[in-house]
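S.K.: Following this message is one structure expressed as structure tokens.
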Amino acid sequence: MKRIFLFVATNIAVIAVMSIVLSLLGVDRFISQAGLNLPMLLVFSLVVGFTGAIISLLISKPMAKWSTGARVITAPSSSTELWLIDSVRKLSERAGIAMPEVAVYDGEPNAFATGAFKNSALVAVSTGLLQSMTKEEVEAVLAHEVAHVANGDMVTMTLVQGVVNTFVVFLARVVGYFVDRALSSRDSNNNGGQGIGYTITVLVCQVVFGIAASVIVAWFSRHREFRADAGAATLLGSPQPMMKALARLGGIAPNSLPEGMASMGINDKPGFAALFSSHPPIEQRIAALRSMQ
């Protein structure tokens with residue numbers, strides 16, 4: 001899912017940059033001759049963790065536009081663009097949210113919704129999706145993305161990411177402390193402060209733990225996808241269009257689909273890789289929709 005990948009990647013980058021800057025400014029100071037100040041570290045981790053997640057959320061829309069080259073439709077130049085605008089407007093009214101920006105970008109069949117607030121979101125679809133699906137199926141995809149916005153998934157995920165970030169920042173520094181103590185235990189000139197071992201370990205652990213923690217975010221995302229599918233069915237008055245859209249996408253390239261298809265839940269990754277998948281298997285999604293009939 002493109003919006004999830006962008007959010008997580010941006011979040012990891014923001015946290016890494018914040019850590020480096022704060023360390024250079026001397027704010028990252030929890031170690032003294034008395035040892036590691038855990039309460040102070042926890043407060044610091046909470047502030048950095050949630051600040052990083054919030055910054056990632058606030059810049060999610062411009063980042064998505066930039067990374068995909070999405071062109072926001074301000075004045076429809078074709079009947080397809082006019083239909084897209086009209087469809088999103090109708091779906092948004094049914095969902096009770098303000099009209100999102102609508103964008104189109106070149107690429108494989110894909111779609112995403114992003115934005116910091118329900119009433120200032122962005123819904124984007126690829127040219128590949130428009131070319132490979134019927135209008136009924138495209139409308140189902142649009143309904144799915146509008147449901148994400150109406151459900152407040154980006155904001156909710158920010159809270160989840162903030163909690164995850166807190167643990168990542170906290171644990172990275174605890175590990176850094178013990179590694180640094182081990183490296184400097186024979187240094188008679190050590191004054192109990194932070195050494196190079198601490199700095200390097202924290203930076204490495206932060207990236208590694210951040211990637212590992214994305215498993216939690218992915219698990220959360222998979223559960224939100226079922227809600228978005230159900231939301232699309234409610235907006236359209238029937239689960240059939242969404243089922244058709246998923247089936248269509250599943251048949252575009254059986255068993256071997258490009259990474260870009262992740263946003264529509266087609267990348268049914270086996271084994272260990274499934275832990276990092278932001279979407280449940282397409283068969284499970286269709287089965288869940290079928291149970292609504």
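Yeah, the Cβs are placed from backbone N, Cα and C, and that goes for glycine too.
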S.K.: Can you match one of Glu81, Glu225 to the Zn(2+) site that Swiss-Prot gives for His144, His148?
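M.R.: Answer per Swiss-Prot: Glu225.
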S.K.: Can you give me the Cα-Cα distance between Glu145 (active site) and Glu225 (Zn(2+) binding site) in Å, rounded to a whole number?
M.R.: 10
S.K.: Here the recorded positions are Glu145, Glu225; which one has the lowest number of other Cβ atoms no more than 10 Å from its Cβ?
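M.R.: Looking at the recorded positions Glu145, Glu225, the Cβ with the fewest others within 10 Å is that of Glu225.
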S.K.: From the centroid of the CB atoms of His144, His148, Glu225, the recorded Zn(2+) site, which same-chain residues not already listed sit within 8 A by their CB, in sequence order?
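M.R.: Residues close to the Zn(2+) site, other than His144, His148, Glu225: Ala113, Glu145, Ala147, Asp153, Arg224, Arg227, Ala228, Asp229, Gly231, Ala232.
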S.K.: Looking at the binding-site residues His144, His148, which one has the fewest other Cβ atoms within 10 Å of its own Cβ?
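M.R.: Comparing Cβ neighbours within 10 Å for the binding-site residues His144, His148, His148 has the fewest.
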